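Trainee: Annotations per TrEMBL:
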- 73-161: domain 'PPIase FKBP-type' (DOMAIN)
- 203-298: domain 'PPIase FKBP-type' (DOMAIN)
- 1-26: signal peptide (SIGNAL)
């Protein structure tokens, strides 16, 4: 990305707010300041970097051995340390606690999207992003990241997995050893049977207990406000659900209709049976999902 393109990136944002020519001059000055700061940092630290067409400076410090690059819908897991150019730490994952970040390629844009495009599995690299490629003219984290900040990110790309590989890992993690695979691709394993239980009737509502998990863990606040790191995106007890009526995601609906009252199962949904190419809250697009589902006697 050229200097003029960086300028236009800022202009596009601020035109939406009807800013004056004086404001545009200030934006132009910020673009120049970013470039000066980056060049000084590179010189002071004797970095051997390349410049991407988008305007990001980067260096792959060590290359992985697999040569595998993430394709659209692949799940990548990575560790990172994000700092300002003055060395102030902004954010990081925890290697000590083995808590990498997960990202389904193409699901959404973030400050990590561009650096990850230049990495292959096992690579370690350093990436310097001007404000136009990072957080722009906004301040974040109660001022931890000032407006127009240049961001430096050290990243290690731990793994790249296709959706099928994620599903296979889910099967191992949740002990889905001998499942039924339906014609739609749903993976179904009953964990508690009740042969004499009543069958569910389509278009009727039932109370359902369930827990939904992603193929990767992430940091979040639980119901008590405690920070936890796990793959659970939703968990309900006694949720009223209208089954067999097309109101639930298709894989969940198919799985629950295979249960009788008093039964429990683990089901793994390929993304096409979940939310497909759409983001849904904390669920990235193109994510396979694992559910524990129980239909109590009622």
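Yeah, the Cβs are placed from backbone N, Cα and C, and that goes for glycine too.
Curation does not apply to TrEMBL; its annotations are automatic.
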Trainee: Provide the three-state DSSP residue tally for the domain 'PPIase FKBP-type' (73-161): helix first, then strand, then coil.
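Mentor: Residue counts for the domain 'PPIase FKBP-type' (73-161) by secondary structure: 8 helix, 39 strand, 42 coil.
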Trainee: Going by DSSP, how much of the domain 'PPIase FKBP-type' (203-298) is helix, how much is strand and how much is coil, in residues?
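Mentor: With helix first, then strand, then coil, the domain 'PPIase FKBP-type' (203-298) has 10 helix, 50 strand, 36 coil.
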